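Structure first, commentary second.
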Amino acid sequence: MASRSSNSTRLLLALLFACSALVASAGNFYSDFDITWGDGRGKILNNGELLTLSLDKASGSGFQSKNEYHLGKIDMELKLVRGNSAGTVTAYYLSSKGSTWDEIDFEFLGNVSGQPYTLHTNVFAQGKGNREQQFHLWFDPTEEFHTYSILWNAQRIIFSVDGTPIREFKNAESLGVPFPKNQPMRIYSSLWNADDWATQGGRVKTDWSNAPFTASYRNFNANACVKSSGASSYDPKSSWLMEELDETNQNKLKWVQENYMIYNYCSDTQRFPQGLPPECQLS
């Protein structure tokens, strides 16, 4: 056990050596993000405290973070498209660039009025994904803002909603499974039309009479390593560096997965007839 702990510490130090600074800040959208597409459909409001993305028949919209993050804990409050959101997708994710990119995904798949959103999660490492878990939520995500969080350290990725963990993806490099820990990633979000697949497999199309569709964002917070110019600075006692689920949060995770998970690639034996992916034995 001592050897394993020592190895983990050396790994963290090596990863953080490339980190220019550790930030812990409640962000302002003007200083932390750029609206990258949408021809005015993305807006920063209220002195940088609110950001909205809109979708109409001509175009959606999107934004990305100015910083690249390399391990950390990222929080964002979102309020999703209200009413008949069928065909729309609100994506909120971390991603690197290139053909062997890493990515950590939240995607919110809209539905017809009165039917629940599907929260789609995925993890890509070195360009390979196909690690989907999907959930319905225990509340209406269109009525109020809710916090969606990604904890990303060298041992695990934890997806949480309002502080409740919904998914844990563990480092399975010992089993030959790549883990996204070496590439800095930016935060991206977009609102776009995907009615060829998003709602009931594409059977329900976007009703453009309800446009424009709008998703709202506030209270961005990053406690993370930032790749930037400047002196190296980090606190090895930062809680997210070695954070794992305690017994209480393990029980919360189990509750969500037993009651609200609607798809788990690690249970899909028809999809993987030659055997489930090796990381599934850790879940």
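Count begins at 1; order follows the chain as displayed.
Here the Cβ of each residue, glycine as well, is placed from N, Cα and C on the backbone.
TrEMBL lists Glu103 with the feature active site, nucleophile. The active site, proton donor feature in TrEMBL is assigned to Glu107. The domain 'GH16' feature in TrEMBL is assigned to 23-217. Residues annotated as N-linked glycosylation site in TrEMBL: Asn111. Taken from TrEMBL, the feature signal peptide covers 1-26.
Within the same chain, residues at least 6 positions away in sequence whose Cβ sits under 8 Å from that of Glu107 (active site, proton donor) are Val89, Thr90, Ala91, Tyr92, Tyr93, Leu119, His120, Thr121, Asn122. Model confidence over the domain 'GH16' (23-217) is summarised by a mean pLDDT of 95.
Of the recorded residues, Glu103 (active site, nucleophile) and the residue listed as 'N-linked glycosylation site' place their C-alpha atoms 25 Å from one another. The 10 Å shell around the Cβ of Glu103 (active site, nucleophile) contains 18 further Cβ atoms across the protein chains shown.
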